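Peer 1: According to TrEMBL, the feature compositional bias 'Acidic residues' maps to 565-575. Among the features that TrEMBL reports, region 'Disordered' is placed at 33-54, 545-619. Residues or ranges marked as transmembrane segment by TrEMBL: 81-102, 132-151, 158-176, 182-204, 237-264, 306-332, 364-384, 396-419, 426-446, 490-510, 516-535.
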Amino acid sequence: MKEVPTSCWCPELQALDLDLVMEVEPPLYPVAGAAGPQGDEDRHGVPDGPEAPLDELVGAYPNYNEEEEERRYYRRKRLGVVKNVLAASTGVTLTYGVYLGLLQMQLILHYDETYREVKYGNMGLPDIDSKMLMGINVTPIAALLYTPVLIRFFGTKWMMFLAVGIYALFVSTNYWERYYTLVPSAVALGMAIVPLWASMGNYITRMSQKYYEYSHYKEQDEQGPQQRPPRGSHAPYLLVFQAIFYSFFHLSFACAQLPMIYFLNNYLYDLNHTLINVQSCGTKSQGILNGFNKTVLRTLPRSKNLIVVESVLMAVAFLAMLMVLGLCGAAYRPTEEIDLRSVGWGNIFQLPFKHVRDFRLRHLVPFFIYSGFEVLFACTGFALGYGVCSMGLERLAYLLIAYSLGASASSVLGLLGLWLPRSVPLVAGAGLHLLLTLSLFFWAPAPRVLQHSWIFYFVAALWGVGSALNKTGLSTLLGILYEDKERQDFIFTIYHWWQAVAIFVVYLGSSLPMKAKLAVLLVTLVAAAASYLWMEQKLQQGLVPRQPRIPKPQHKVRGYRYLEEDNSDESDMEGEQGQGDCAEDEAPQAGPLGAEPAGPCRKPCPYEQALGGDGPEEQ
């Protein structure tokens, strides 16, 4: 404001000067409720101040396009689903890359006789390793008893996070290699294998269903929220998401070889030392690397370097935990999670066993078993009995990388199901493995010969192609056949439990001759393909499968107030007083301003309280 000189002795001039200043400088903020310069209306002819209509104050934005905003909203939802799939796939890839890499490095170090004697003396590392492998392979046999209960109790996302955390716990115990650290952590890891894979399969299937809902939201609005989408409508999205997931996961076998390439290979002897006593390889071999040298390390790695490598692996495992925790969204809405738990814990325990009535699952069991056989054969039977036996331990990492890259790139072939019958990927993968298995029956490579090493990498890559078709085909098939969200976790539990049983059988038969292993693999493969084609024929004939009934959820569960009719926060005295008041009122009365008739004991809503009334009784 313009300053008035204090030396002015004329009061009239001082008052005139103040009036001129007030006319030049208007107030900074308009007074609430005051009329504008045009009277009681603004420039649009709408009354201003207290007489302004309510819609002008709290109404929608004048340029608001509801259809465009709805389209943007569901586009963000679809992007969120894609983010969930990528985060889950990356988290599992990092977890298994760390787990397999650490286990491989640990077993090679503990195999060396000099390393055991110098580092650990008479502690008995071979016995600890055998107990550790037993805990990893035997414990999942009991997983069918507790996996559905854990998934329903924790929820799908939190079960994934808990299982990834147990894998990280196993990595952390390798800082201090003792019986009381390695064996209990191996048992805990064995308990988490089936829950991790069951919840992961359920999660990917649910993401495909949610993506369909967000892509066809207009149809959902027309059908109503309670109307289920058409059967098989989510199948195209499921094919894409499973292809993405297994493309990421199969890269974990390549990631697991990084500690071997950048660290352990610098300490290994060449093949002329490690294979000095090996006489036969391939189909003529017996057990695992019979005659392999007991010393494989030229120099022992420093403890400081081992700690650095394990710290890097631990950091990656922790990163995988954070990815699952922070980037993976929930698979179900909160009310859906409550419904899944409310069927009763006894029913949740029994339902995996009751699903054996379904002939589709019975026909797919041989394929489940073969799915476990073929992965273990690629990583142990072929990689050790053929590759390492002929080319040496220093080329094991590159052999498994060839398998990993072949499987990862070929997971995209699962998208053939978008144009071809769903049986084509599974049968194609089984046919490829059949040809390779028959070829391995008659192949006995000579030890310490590198002239034809490209054949090993080529066979490993082809085996990875068959593995990719097998894994994507089975997971997609289960998601299509069992698309009801009430039973998906049971189905994937059964699938991965049979895989765990197959891995346990491979662990028991590790000392068998190679021909016996190939024979078991071949018989299982033929039985799996024949049983699957028989199932498809039954479905084409219109045979209806017998599925167990899922009990209806019981909503009257303590702890979920918003599903109960009663107020669980009220005291006993308030409850009795409320019942007495309700008994005295014989008829409901109308609320203010033409509101709907209120119940006899309804509490006043916030709008009624703002008007000054205490409820529907006061007019």
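A Cβ is built for glycine as well, from the same backbone N, Cα and C atoms used for every other residue.
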Peer 1: Same-chain Cβ contacts of the transmembrane segment (426-446) under 8 Å, 6 or more residues past its ends?
Peer 2: 280-284, 367, 370, 374, 382, 386, 389-390, 413, 452, 456, 459, 462-463, 465-470, 473-474, 477, 515, 518, 521-522, 525-526, 528-529, 532-533
Peer 1: Decide whether the stretches the transmembrane segment (364-384) and the transmembrane segment (132-151) have at least 3 CB pairs under 8 angstroms, with pairs required to be 6 or more apart in sequence.
Peer 2: no
Peer 1: Would the transmembrane segment (132-151) and the transmembrane segment (396-419) count as touching if the test is at least 3 Cβ pairs under 8 Å, pairs 6 or more apart?
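Peer 2: In this chain the transmembrane segment (132-151) does not contact the transmembrane segment (396-419) - fewer than 3 Cβ pairs sit under 8 Å.
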Peer 1: Let me check one thing: do the transmembrane segment (396-419) and the transmembrane segment (237-264) come into contact, meaning three or more Cβ pairs under 8 Å with sequence separation of at least 6?
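Peer 2: Between the transmembrane segment (396-419) and the transmembrane segment (237-264), contact is present.
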Peer 1: Please figure out which one of 158-176, 182-204, 490-510 racks up the most CB pairs under 8 Å against the transmembrane segment (237-264).
Peer 2: 182-204
Peer 1: Going along the chain, which residues at least six beyond the ends of the transmembrane segment (158-176) come within the CB cut-off of under 8 Å?
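Peer 2: Apart from its flanks, the transmembrane segment (158-176) reaches 88, 91-92, 95-96, 98-99, 102, 106, 150-151, 182, 185-186, 188-189, 191-193, 195-196, 199-200, 203, 307, 310, 313-314, 317-318, 320-321, 324-325, 328.
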Peer 1: Among the recorded stretches 306-332, 490-510, 516-535, which has the greatest number of Cβ pairs closer than 8 Å to the transmembrane segment (81-102)?
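Peer 2: If we count Cβ pairs closer than 8 Å to the transmembrane segment (81-102), 306-332 scores highest.
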